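Data first, discussion second: the structure below is written as structure tokens.
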Amino acid sequence: MKDVIIATKNRGKAKDFETLLAPYGIRVLTLHDVAEDLDVEETGDTFHENARLKAETVAERLGKIVIADDSGLAVDALGGRPGVYSARFSGEGATDEKNIEKLLGELKDVGDEDRTARFICVLAVAGPGLQTRYYEGTCEGRIMRTPAGENGFGYDPVFYVPNEERTMAQLTPEEKAAVSHRGEAIRRLEEDAGELFGAAD
Ligand SMILES: O=c1nc[nH]c2c1ncn2[C@H]1C[C@H](O)[C@@H](COP(=O)(O)OP(=O)(O)OP(=O)(O)O)O1
Ligand SMILES: [Mg+2]
């Protein structure tokens, strides 16, 4: 079993990675396992910049290859907001529930046709002697008027996936992995995985 370090403290995100990487016999370690004290400030204004900050800071600290994920929700009716501010959308002490409440409030007068949105995920891979690399994925959908579903995390209960005719939170972890922004980004990273992480054993 091979270990891969994901520079995140988000347990929902970590679960997504576990589902995505389990087929390769990879065990996911997070900051909770390898550097609980480390808090990387996300001071960038792009997903790439924040993914880079998280990956390079943790890679430097550990002297190992790590993957960081910076991701968020871009809503067309809000001009692409909350974007890189998705995790902090409802301000100080933000939670997934408060963020969803704020989002639904801002969209309450927006008609069904105009509720289009996408999830965006940028993975950065950094490590000793490695030029940081990036892998991106997106997932198109629409914002619901009320939450539905218990799976996933973040905005999943209000993100309707048209092809699946359900919200992201109504998909199983494997179904989400097949259609999500994070899944797409990981499949792009897969092409370099042998070189970056060595052959899976
Ligand atoms: O698949 C997803 N399903 C639902 N919501 C999602 C997803 N992917 C990102 N999101 C939302 C959650 C959070 O509001 C923001 C990520 O913010 P982001 O800074 O990348 O992650 P985070 O602060 O939760 O954890 P960390 O920085 O430790 O990896 O976008
Ligand atoms: Mg974050």
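Yeah, the Cβs are placed from backbone N, Cα and C, and that goes for glycine too.
Quick look at what TrEMBL annotates:
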{"type": "BINDING", "residues": "THR8, LYS9, ASN10, ARG11, GLY12, LYS13, SER71, PHE153, GLY154, TYR155, ASP156, LYS176, HIS181, ARG182", "note": "substrate binding site"}
{"type": "BINDING", "residues": "GLU41, ASP70", "note": "Mg(2+) binding site"}
{"type": "ACT_SITE", "residues": "ASP70", "note": "active site, proton acceptor"}
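TrEMBL feature annotations superimposed on the structure.
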residue: THR8; record: substrate binding site; DSSP class: coil
residue: GLU41; record: Mg(2+) binding site; DSSP class: coil
residue: ASP70; record: Mg(2+) binding site; DSSP class: strand
residue: GLY154; record: substrate binding site; DSSP class: coil
residue: HIS181; record: substrate binding site; DSSP class: helix
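If you measure from the Cα atom of GLU41 (Mg(2+) binding site) to that of GLY154 (substrate binding site), you get 19 Å.
Each of the binding-site residues ASN10, SER71 was scored by the number of other CB atoms within 10 Å of its CB, and the largest score is that of SER71.
Those residues noted as binding substrate (THR8, LYS9, ASN10, ARG11, GLY12, LYS13, SER71, PHE153, GLY154, TYR155, ASP156, LYS176, HIS181, ARG182) have their most widely separated CA atoms at a distance of 20 Å.
For ASP156 (substrate binding site), other Cβ atoms within 10 Å of its Cβ number 25. Long-range Cβ proximity for GLY12 (substrate binding site), meaning a same-chain Cβ under 8 A and a gap of 6 or more residues, is found for GLY152, PHE153, GLY154. You'll find the Cα of ASP156 (substrate binding site) roughly 16 Å from the Cα of ASP70 (Mg(2+) binding site). Cβ-based neighbour count (10 Å, all protein chains) for GLU41 (Mg(2+) binding site) stands at 9.
All protein chains considered, the CB of GLY154 (substrate binding site) has 22 other CB atoms within 10 Å.
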